[in-house]
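So that you can see what the record holds, here are the features copied from TrEMBL:
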{"type": "DOMAIN", "residues": "5-191", "note": "domain 'YrdC-like'"}
{"type": "BINDING", "residues": "Thr27, Arg113, Ala133, Ser173", "note": "L-threonine binding site"}
{"type": "BINDING", "residues": "Arg50, His59, Ser135, Ser143, Arg187, Tyr223", "note": "ATP binding site"}
Amino acid sequence: MAVIGQDIAKAKRFLDEGKLVAIPTETVYGLAGNALNPLAVASIFETKNRPSFDPLIIHTSSMDRVKDFVEEIPDPLYKLGKSIWPGPLTLLLPRKAIIPDLVTSGLDRVAIRIPNHPLTLELLESLDFPLAAPSANPFGYISPTQPRHVEAQLGDSIPYILDGGNCQVGLESTIVGMEEGQVVIYRLGGLELNEIEDLIGPVQVKSHSTSNPQAPGLLASHYAPRKPFVLGDLDLLIEKYSLEGTSFALISLEKSFSDIPEAHQIALSKNGDLKEAAKNLFASMRQLDELDVEVILAEKMPAKGLGQAINDRLKRAAAEA
Ligand code: TXA
Ligand code: MG
């Protein structure tokens, strides 16, 4: 059973031995192992039950170290990294041979980021290698934003969970790369699109493509609870399921419903703040997934700020497997 604690030296010892440790980041918890050790990387795939065609993000602590792992950093991406890191940004960059094939699933770009969490930055500083870390959940399920989420699902398979509290952003990093000289967003995430465009101008968003996506992990059905998840107008859905006699729980942005039990509804942010909503999203989905109801209902967020990234996750949760 995993120990949960804040002992960075202990986390380092496990990682030095090729074992896996769950690490906090500002986005979600990661399932981390030595990115330069193919055996450690293989055990990440095994522990998550993740298909090996879905490549991993590597985490490091400084721009200088990023340069050890990539051939070059095109100007617009350098500019993004310089101003956002440490932060919820992942760059796809041409990899150096030092990065094992298993990490990139054989692709010639490696996904890399500097996460913004004091414990994890200190841990990364202390290590001689970068950490490969997917979100610390079984493949296809909702990403963990609290240590107990990790413990509940992976507690039996890893020795240590580094406790950094609740994740402050709550959505996975925004993934950015380049194609034919153009900047492309492959996954909407915790870094807002406007922030990117303010820095480097207009970009293309490819995050919704499901056929042969460049980011192979972006399968339509992902980030999903176990219960059926239905996205739509809450008033209409409530009426429909009530008439049918189907039991449900619901997630709204800010509304509460007086005729529905309090335990069966969660408003992500009482005053409609999309950053707060993002932070609460995954924990709320997990909470409702544990209830004794048949379906989970949710409404779309306004398509501004983090609303777009939240909608992306809601749609993937709602997609048929
Ligand atoms: O916020 C985050 O990014 C979290 C924390 C732990 O850092 N990590 C995370 O990792 O969300 P994961 O493995 O759950 O999602 C990584 C996504 C995958 O969907 C994968 O397809 C894409 O990144 N990816 C990784 N390497 C890639 C590459 N070389 N080319 C294209 N896509 C890549
Ligand atoms: Mg994931």
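Including glycine, each Cβ sits where the backbone N, Cα and C put it.
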Check your understanding: Residues with Cβ closer than 8 Å to the Cβ of Thr27 (L-threonine binding site), same chain and 6+ apart in sequence?
Key -> Pro88, Pro115, Cys167, Val169, Gly170, Leu171, Glu172, Ser173, Gly189, Gly190
Study note, to complete from the structure: Close to ligand 2, in the sense of Cβ under 6 Å, among Arg50, His59, Ser173, Arg187 as binding-site residues, are none
Practice item. Taking only the Cα atoms, work out how far Ser135 (ATP binding site) lies from Arg113 (L-threonine binding site), in Å, as a whole number. Key: 13
Check your understanding: With a radius of 8 angstroms around the mean position of the C-beta atoms of Thr27, Arg113, Ala133, Ser173, what other residues of the same chain does the L-threonine site pick up?
Key -> Thr25, Val28, Gly30, Ile57, His59, Pro88, Thr90, Pro115, Glu172
Review point. Relative to the Cα of Ala133 (L-threonine binding site), which of the binding-site residues Arg50, His59, Tyr223 has the closest Cα?
Key: His59
Check your understanding: Could you give the maximum C-alpha to C-alpha distance in Å for the residues Arg50, His59, Ser135, Ser143, Arg187, Tyr223 that bind ATP per the record?
Key -> 21
Point to revise | Recorded L-threonine site residues Thr27, Arg113, Ala133, Ser173, farthest C-alpha pair in Å | key: 12
Exercise for review: Taking a cut-off of under 6 Å between Cβ and any atom of ligand 1, tell me which of the binding-site residues Arg50, Ser173, Tyr223 pass.
Suggested key: Ser173
Review point. Given the binding-site residues Arg50, His59, Ser143, Arg187, Tyr223, which lie within 10 A of Arg113 (L-threonine binding site) by CA-CA distance?
Key: His59
